[in-house]
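Student: Pulled these from Swiss-Prot:
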- Cys112: active site (ACT_SITE)
- His250: active site (ACT_SITE)
- Asn280: active site (ACT_SITE)
- 251-255: region 'ACP-binding' (REGION)
Amino acid sequence: MTFAKITQVAHYVPENVVSNDDLSKIMDTNDEWIYSRTGIKNRHISTGENTSDLAAKVAKQLISDSNLSPETIDFIIVATVTPDSLMPSTAARVQAQVGAVNAFAYDLTAACSGFVFALSTAEKLISSGAYQRGLVIGAEVFSKVIDWSDRSTAVLFGDGAAGVLIEAGASQPLIIAEKMQTDGSRGNSLLSSYADIQTPFASVSYESSNLSMEGRAIFDFAVRDVPKNIQATLEKANLSAEEVDYYLLHQANSRILDKMAKKLGVTRQKFLQNMQEYGNTSAASIPILLSESVKNGIFSLDGQTKVVLTGFGGGLTWGTAIINL
């Protein structure tokens, strides 16, 4: 049996930092209003870099830090809902930028659950024995799809990218247990339409739009459905909530994390948090938190730490992977 392991982490965010006070100059809001409701203080906003640019910087760092040749990468998966273009994929652009000429590459679209879905997929590619090494990256430039006049959504999101190098050769499974879910019937509660349908043959025209969100519906979904998903995954792994060392959840709202910890009966300190500096970076939020945690020495990649990764967001999608790091 081939087991996969995460052997390297990296993250990158644009240099431009936009604070709550900065936002108060362009919309009717203030620092206290934003922070008290979200836990967000700052976010990094691109001044020109696109999604593939952010992802490529992460990919290059992963390869460089591992002293690898780009030609040894077998696959690249980029989780994103803000691609540079429909074709080519963001992953294909990354493959070209880093020179991973032997890698197949594709995007995975699952919004804020994207990194967890992508990691699950990559782990199966490795454990099948067909591939030895791949990059899994979450990358978003949400600033290009936000309505900057809508304070209910514009204050929430940031831009960034992060990822992992996943390789064969572990002595234990990377994923102890997992549970991925989707409910498309609730998809309109978090929506970003991409393109018009305007042809001579169309009976109805669908116009593109900026991001729209039913905030209360999404909050209720997060605090109701997601803890059940985590608990079900813990049961599959035969673990209690307290036996997990750290919980790395999608960084959407600090109040959501407060309620998650309470529902699971876990001390809040186990729920790591960095949304105060990055905002909601969608598919990039979990890997940014993972990369920062390793870089800051909170835990290492020695296989001795049990971590819950949980994403939740548009689709609606949500999923948990309990992993050995």
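Keep in mind that glycine also has a Cβ here, set from the backbone N, Cα and C atoms.
Context for these features, please: burial, neighbours, distances.
Tutor: For Cys112 (active site), the same-chain residues lying six or more positions away in sequence with a CB closer than 8 A to its CB are His250, Ala252, Asn280, Ser282, Ala283, Ser285, Gly311, Phe312, Gly313, Gly314, Thr317.
Within 10 Å of the C-beta of His250 (active site) there are 29 other C-beta atoms, taking all protein chains into account.
In three-state terms derived from DSSP, Asn280 (active site) belongs to an extended strand segment.
For the region 'ACP-binding' (251-255), the list of distant contacts is 37-40, 112, 156, 219, 222, 273-276, 278-281, 285-286, 288-289, 312-313: same-chain residues at least six beyond its ends, Cβ to Cβ under 8 Å.
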Student: Count the other Cβ atoms sitting within 10 Å of the Cβ of Asn280 (active site), across every protein chain shown.
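Tutor: A 10 Å sphere around the Cβ of Asn280 (active site) contains 23 other Cβ atoms.
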Student: Mind checking how the region 'ACP-binding' (251-255) divides into helix, strand and coil residues in DSSP?
Tutor: 2 helix, 0 strand, 3 coil
Student: Averaged across the region 'ACP-binding' (251-255), what pLDDT does the model get? Just tell me the whole number, please.
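Tutor: Average per-residue pLDDT within the region 'ACP-binding' (251-255): 96.
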